[in-house]
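Dumping what TrEMBL says about this protein:
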- 166-177: compositional bias 'Low complexity' (COMPBIAS)
- 8-64: domain 'RNA polymerase Rpb7-like N-terminal' (DOMAIN)
- 83-203: domain 'RNA polymerase III subunit Rpc25' (DOMAIN)
- 160-182: region 'Disordered' (REGION)
Amino acid sequence: MFVLVEMTDTVRIPPWQFQRKLNESIAEELNKKLANKVVYNVGLCICLYDITKLEDSYIFPGDGASHTKVHFRYVVFHPFLDEILVGQIKSCSQDGVHVSVGFFDDIVIPPESLQQPAKFDEAEQVWVWEYETEEGAHDLYMDIGEEIRFRVVDETFVDTSPTGPSSAEASTSTATEEAQKKEAPYTLVGSISEPGLGLLSWWTNS
């Protein structure tokens, strides 16, 4: 679930922080810059693990701050494919079951990856597994807040870097619509379509 990623960055330390230890100032700046941010094709940055190398610091003309090239390792949330995770159901929609692991919410289990046969209950706004038994079908509801075990089957990174205007004729309404449709920078796709996966209560209760 968590991996250590080696990174390199140039950190700017303003003059009023020169009385502090350089390592402390750099660690604080790196966490300000990266913590809780998604790095494209890397994952969700959690916190600094350690600093492996500090190169020489430079002060450039017109800027009293120091600039130091830093080699460091960062703790990143990036589950590998086929990893089993446990989260909580955040919401349900026609698109599937939306899951949260507390600090990361962009997880979706699409309808085709649910235990089958499954149906979406419009009144309750939840997905239901129509579990077949000898006595007939039993509806097992995937209620919001329930703990769910799922397998990571895919991931999607979206480059959300700022871009210039696509054309001078773009209307304000179009720009507003695009802002509303903004995609999450990092999304996980899960599956519960195998025995043992799904709500924990399905498999622990007799």
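A Cβ is built for glycine as well, from the same backbone N, Cα and C atoms used for every other residue.
The structure displayed is predicted, hence computed values, not measured ones.
Please go over these features one by one and say how buried each is and what sits next to it.
According to DSSP, the secondary structure content of the domain 'RNA polymerase Rpb7-like N-terminal' (8-64) in residues is 16 helix, 25 strand, 16 coil.
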Go ahead and report the DSSP secondary structure tallies for the domain 'RNA polymerase III subunit Rpc25' (83-203): helix first, then strand, then coil.
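Output for the domain 'RNA polymerase III subunit Rpc25' (83-203) reads 16 helix, 55 strand, 50 coil.
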